[in-house]
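Listed in Swiss-Prot for this protein:
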BINDING   His24, Arg50, Phe57, Asn166, Gln170  substrate binding site
BINDING   Gly59, Glu80  Mn(2+) 1 binding site
BINDING   Glu76, Glu80  Mn(2+) 3 binding site
BINDING   Glu76  Mn(2+) 2 binding site
BINDING   His99, Glu173  Mn(2+) 4 binding site
DOMAIN    18-168  domain 'Nudix hydrolase'
MOTIF     61-82  motif 'Nudix box'
Amino acid sequence: MAGMRRLELSEALHLGPGWRHACHALLYAPDPGLLFGRIPLRYAVLMQMRFDGRLGFPGGFVDLRDGSLEDGLNRELGEELGEAAGAFRVERADYRSSHAGSRPRVVAHFYTKLLTLEQLTAVEMGAPRARDHGLEVLGLVRVPLYTLRDGVGGLPAFLENTFIGNAREQLLEAVQNLGLLEPGSFARLKISTPP
């Protein structure tokens, strides 16, 4: 991931006091729905439009003196997503990766959390009442995990948006590793490399 190096969680936790830690979570749920009655949705994946106009995942900076990374992440989820985030808890078992950048000295920890479709829908419905809605978070969006017949609409077009940090790469890695796309469809994606 450009400008960032991957590191093990244990290494990230021992970087020292000059480093800040940010935790974010990809929330997803199986979705049996069909777009236009024929295109399988397969999964619902949430991202958010941030205050700076970029797409990212819910979460934010955490202070290790206040507890674990997960404690901080769950606090951030409550602030950004509202009461429905209290129906689940992101745990260490949901951890995926850590990446460090040197300027600024920030370690980005990434988690994925499987929810039920009902839980995910409750998050979407309650988010406009969350403390940070309209401030840090401008709204939630579902990632289209399909490609339309033109080969551009759907996920390829979505990936042309502007993402914060390495959120685009985290999304692609998670979608592939979790098997959220139809088998073989990831290899057929026409994805441009970001500038």
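Just so you know, glycine gets a Cβ as well, placed from its N, Cα and C.
Note that the structure is a prediction, hence the values are computed from the model and not measured.
In terms of C-alpha distance, the listed binding-site residues His24, Phe57, Gly59, Asn166 place Asn166 closest to His99 (Mn(2+) 4 binding site). Under the three-state DSSP scheme, Glu76 (Mn(2+) 3 binding site) falls in the helix class. Cα spacing between Gln170 (substrate binding site) and Glu80 (Mn(2+) 1 binding site): 20 Å, rounded to the nearest whole number. Outside the motif 'Nudix box' (61-82), and at least 6 residues removed from its termini, the chain residues within Cβ reach (under 8 Å) are 13, 20-25, 48, 89-92, 109, 111, 123, 126-133, 136-137, 140. Between the alpha carbons (Cα) of Phe57 (substrate binding site) and Glu173 (Mn(2+) 4 binding site) lies a span of roughly 14 Å. Here the Cα atom of Gly59 (Mn(2+) 1 binding site) is found 4 Å from that of His24 (substrate binding site). Highlighted in sequence order, Leu26, Met47, Gly56, Gly59, Ala108, Phe110, Phe163, Ile164, Gly165, Ala167, Leu171 have their Cβ within 8 Å of the centre of the Cβ atoms of His24, Arg50, Phe57, Asn166, Gln170, the residues recorded for substrate, and are not part of that set.
Neighbour list (His24 (substrate binding site), Cβ cut-off 8 Å, at least 6 residues apart, same chain): Gly56, Phe57, Pro58, Gly59, Gly60, Leu73, Ala108, His109, Phe110, Tyr111, Ala167, Gln170. Reported as a whole number, the C-alpha separation between Glu173 (Mn(2+) 4 binding site) and Glu80 (Mn(2+) 1 binding site) equals 24 Å. Annotation note: Gln170 (substrate binding site) sits in a helical segment as assigned by DSSP.
Phe57 (substrate binding site) carries neither a helix nor a strand DSSP state and counts as coil. Listed in sequence order, Cys23, Pro58, Gly59, Gly60, Phe61, Val62 are the same-chain residues at least 6 apart in sequence whose CB falls under 8 Å from the CB of Glu76 (Mn(2+) 3 binding site). Ranking the binding-site residues Glu80, Glu173 by how many Cβ atoms sit within 10 Å of each one's Cβ puts Glu80 at the top.
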